[in-house]
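Engineer: The structure follows.
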Amino acid sequence: MRKKIIATVIGTSALAAVTWTNADAATTYKVKSGDSLWSIANKYNMSVAKLKSLNNLTSNVIFPNQSLKVSGSTSSSTSSNTSTGSTYTVKSGDTLSGIAAKYGTTYQKIMSLNGLSNFNIYPGQKLKVSGAASSSSSNTSGNTSSGSTTTYTVKSGDSLSAIAAKYGTTYQKIMSLNGLTNFNIYPGQKLKVSGKASTGGSGSSSTGSAGYKTPVFNHSNLYDWGQCTWHVFNKRAQIGKGISTYWWNANNWDTAAAADGYTIDRKATVGSILQSDMGYYGHVAFVESVNANGSITISEMNYSASPGIVTYRTIPASQVSSYVYIH
């Protein structure tokens with residue numbers, strides 16, 4: 001009997017040792033599609049604030065396959081949050097508008113300083129936040145000027161708002177110059193960036209939204225990664241019409257936007273936000289084009305595909321007015 005008791009004690013001690021080792025080893029978590037900081041924090045019985053502190057996160061944006069510390073001491077911020085003089089080292093979750101707000105500048109200025117042609121940045125990247133603009137010799141090869149008209153050849157990763165910022169104009173002006181009715185551009189495409197507008201505006205009237213009230217926010221994207229709200233926030237930032245990051249679930253967006261001073265109606269325009277109260281959380285999408293037959297084309301996430309995947313859908317003319325639009 002005595003021997004059995006001793007064996008039981010030893011076995012229990014060994015089990016405890018094994019359990020401790022496994023708990024100590026489980027200090028990181030690999031993000032899966034659909035995860036959010038809240039769900040991960042809840043899984044490990046910690047607060048979102050603690051999880052963000054452990055990983056030096058400045059926003060709620062996370063990415064699939066990203067490794068997050070879920071236990072241990074807070075990461076030293078000296079290596080990842082470096083800001084020496086006029087340069088800044090990008091951290092996970094950063095956006096150009098967020099960095100610009102931190103340094104009292106604009107995202108267009110940062111793009112110009114670093115020769116950026118799109119909004120894509122990555123952790124560890126060093127960005128100039130003050131000083132002289134980067135040499136644009138590498139970009140001039142795609143630009144031609146003939147008389148009073150200047151053209152630009154689109155490169156991979158370009159957006160209309162980025163091109164507009166580069167030439168000190170607006171994306172609406174470029175759309176008008178080239179007779180564009182949506183934001184879709186492709187590498188190799190030649191765009192007029194100055195001169196006279198193209199004739200035959202067969203559908204460009206959809207961009208005529210001068211009467212709309214459209215405040216602009218320079219917030220970081222705090223919406224859950226891959227959701228419809230996350231996608232629309234990014235799309236609006238890309239066209240220079242940033243929205244608030246505090247509108248919460250999609251079914252609250254029309255009320256929150258109206259409170260912030262945006263025009264809300266049932267008329268779709270290119271670049272407006274389609275909003276619906278369908279489902280438990282509601283849904284939002286980005287209006288890519290208003291078509292000649294009265295239908296509209298929208299882009300969205302987490303509607304007919306998994307979170308993080310952009311899909312496109314055409315809303316028939318007969319259904320367009322059944323949705324609310326934020327301008």
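Including glycine, each Cβ sits where the backbone N, Cα and C put it.
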Engineer: Among 68-89, 200-221, where does Swiss-Prot put the label region 'Disordered'?
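Structural biologist: Among 68-89, 200-221, the range Swiss-Prot annotates as region 'Disordered' is 68-89.
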Engineer: Any idea what the model's mean pLDDT is for the domain 'LysM 3' (150-193)?
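Structural biologist: Average per-residue pLDDT within the domain 'LysM 3' (150-193): 79.
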